[in-house]
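Listed in TrEMBL for this protein:
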- B:15-268: domain 'Protein kinase' (DOMAIN)
- B:K44: ATP binding site (BINDING)
- B:305-329: domain 'NAF' (DOMAIN)
Amino acid sequence: MSSTIATDSHGLSDSWTIGERVCAALMPLIAVVEVLILTVTGCFSYCPCISIIDQNHKCTYTAKDFAILADETRFTVEEVEALHVLFKRLSSSLIDDDSIHKEELQLALFQTPYGKNLFLDRVFDVFDQKRNGVIEFDEFVHALSVFHPYAPMDEKIDFAFKLYDLRQTGFIEPEEVKLMVVAILIEFDMNLPDDLLEAIVHKTIADADKDNDGKISREDWKAFVSRNPSLLINMTLPYLKDITSVLSSFVFKTEAKP
Amino acid sequence: MSGKPVRPRTRVGKYELGKTIGEGSFAKVKFAKNVENGNHVAIKILDRNHVLRHKMMEQLKKEISAMKMINHPNVVKIYEVMASKTKIYIVLELVNGGELFDKIAKYGKLKEDEARSYFHQLINAVDYCHSRGVYHRDLKPENLLLDSNAILKVTDFGLSTYAQQEDELLRTACGTPNYVAPEVLNDRGYVGSTSDIWSCGVILFVLMAGYLPFDEPNHATLYQKIGRAQFTCPSWFSPEAKKLLKRILDPNPLTRIKIPELLEDEWFKKGYKPTTFVEEEDVNVDDVAAAFNDSKENLVTERKEKPVSMNAFELISRSQSFNLENLFEKQTQGIVKRETHFTSQRPANEIMSKIEEAAKPLGFNVHKRNYKMKLQGDKSGRKGHLSVATEVFEVAPSLHMVELRKTGGDTLEFHKFYKSFSSSSGLQDIVWHSEAKQ
């Protein structure tokens with residue numbers, strides 16, 4: 001059967017004109033050139049890089065890209081450029097591929113890439129809006145915008161809710177709170193018996209659950225945070241108000257093309 | 001080690017109340033600390049209902065307002081006045097040298113020169129207050145205090161209206177009318193200035209003699225003796241002193257010596273230096289008015305001070321993963337934590353005391369405020385002085401979490417400090433390990 005096909009196809013080629021033959025011969029070459037052109041020009045239009053682990057895929061951001069990100073967030077173009085310097089430092093700490101992997105975030109926060117941490121997973125997942133397993137520069141800027149001192153409180157409240165809604169059900173449930181308390185105690189190298197754990201969880205749910213459905217809804221959370229503003233203390237990074245001077249000590253040069 | 005619970009401290013406005021240092025039937029004085037600046041004060045607490053019942057509001061308000069404007073070195077200063085629904089709080093200068101009469105109880109009578117020196121200070125205080133229209137009407141040993149430099153301070157000026165209501169019972173039932181002028185005892189109507197001078201005379205007598213001029217177990221006899229000014233000066237009094245006392249302890253208020261004459265007396269003038277001091281201008285007395293009016297607006301609440309109760313999310317938010325500041329700091333090798341925690345089932349006050357006990361021998365100065373503490377190293381390290389912020393939180397009804405956070409100095413020095421600190425025996429007593437960790 002295979003031989004038949006081969007014969008048929010060979011027979012077809014006999015009827016091709018010279019032009020068609022030249023075209024067929026050049027097609028792969030044209031495709032290669034086209035890919036090269038698209039790759040080069042792609043860096044001049046706003047398309048966030050698609051990073052693949054272990055692939056040294058690079059993407060250069062332009063002034064236009066920075067301007068778009070500045071429009072979408074609370075940062076100025078200069079601040080976005082400064083954040084890009086920081087992003088490059090973080091994203092090249094383990095795998096130099098213009099995206100932050102979980103291990104790289106862990107290295108930055110804990111100064112070690114090893115070990116499992118529930119909260120790190122949550123921070124990473126909330127930053128990784130595209131759910132592709134890495135944090136790209138646009139995701140990084142959008143997420144950090146929430147931490148800006150001038151970001152609206154509602155954004156901060158919502159971001160914190162997403163962090164604590166482990167199963168992403170739209171509710172923070174007692175089991176999730178317990179999991180997080182256990183995780184923080186492990187991080188603090190502390191251990192509590194189950195009855196005390198339950199007491200802490202029960203008291204917190206009771207304080208926050210205004211509609212008495214046994215779990216914390218977004219509305220419950222908003223009201224709870226307004227009564228306990230210290231819960232959002234980590235949702236504001238004073239550094240971001242003056243990010244350009246904070247990051248001026250980093251020796252990296254921005255790769256933005258004018 | 002006893003785990004008996006320590007009572008939580010009480011807060012009124014910006015003051016944390018301590019132990020009671022004086023008590024009457026309707027008032028008590030408590031030691032207190034201004035949590036904003038760490039200064040110690042005394043707070044006199046009056047029963048608001050008692051003031052209302054005896055229709056003393058206006059009079060008290062007037063006298064305390066006048067007293068607040070007085071800034072004399074021999075008069076206990078009134079800093080501010082607050083009120084709750086049931087109480088009036090008068091914040092006073094804290095005088096911690098004890099009562100003048102403790103000195104007599106301990107050492108007996110004073111030498112004439114020393115007695116005269118205290119009498120000078122007493123008259124200076126009384127004269128100044130009289131010139132401002134404020135009379136004491138209840139001068140007695142408990143109201144004469146000494147500061148740490150042995151300077152006399154007269155207290156309770158302007159509170160006489162309140163004190164007299166309180167002492168009416170005392171004078172007739174179980175109290176001592178020994179210092180009270182005859183016209184006051186006989187209820188004949190009296191002038192505050194002359195009755196204060198009488199009391200000063202009794203005080204002078206006690207300073208020099210070591211005992212009271214009028215002292216009878218039977219009240220009727222005592223009243224009689226006071227009414228007739230029947231007293232005898234001991235032989236060691238100088239003739240000039242005897243002469244002056246006769247003029248002060250004159251049962252007739254009209255012929256009794258007045259302060260201007262007293263200032264000209266030969267015995268009194270020996271070594272007398274009028275007090276020099278700066279008078280305060282623009283003293284605000286709005287707080288007095290607010291405390292004594294019926295408005296609910298400026299009321300303070302008395303609340304028990306206890307550690308901040310930490311809910312699960314406050315605990316969770318302390319994860320290092322949520323501290324994104326680390327992204328902006330240059331990385332160093334290895335994990336170097338800038339804070340650490342431990343749990344304890346001991347009462348919060350006990351935890352605070354133990355932390356203080358453990359930190360001081362390591363060369364740390366301790367500054368406490370509620371259940372927060374700042375430990376400041378007295379030696380300069382690699383990056384200046386190490387300073388550590390400590391706070392006790394309540395995470396469950398019987399469980400506290402203690403957080404120690406490096407706020408200054410070198411992180412490695414902080415770790416070294418924590419190692420020595422946590423191994424101290426006092427701290428070992430309070431750190432709680434669950435069965436799982438043992």
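Heads up, the Cβ atoms here are built off N, Cα and C, so glycines get one too.
TrEMBL labels come from automatic prediction, so no person has curated them.
In this structure, the residue listed as 'ATP binding site' is part of a beta strand by DSSP. When Cβ atoms from all protein chains are considered, those within 10 Å of the residue listed as 'ATP binding site' total 22, not counting its own. Regional average pLDDT for the domain 'Protein kinase' (B:15-268) in the model is 82. In terms of DSSP helix, strand and coil, the domain 'NAF' (B:305-329) has 13 helix, 3 strand, 9 coil.
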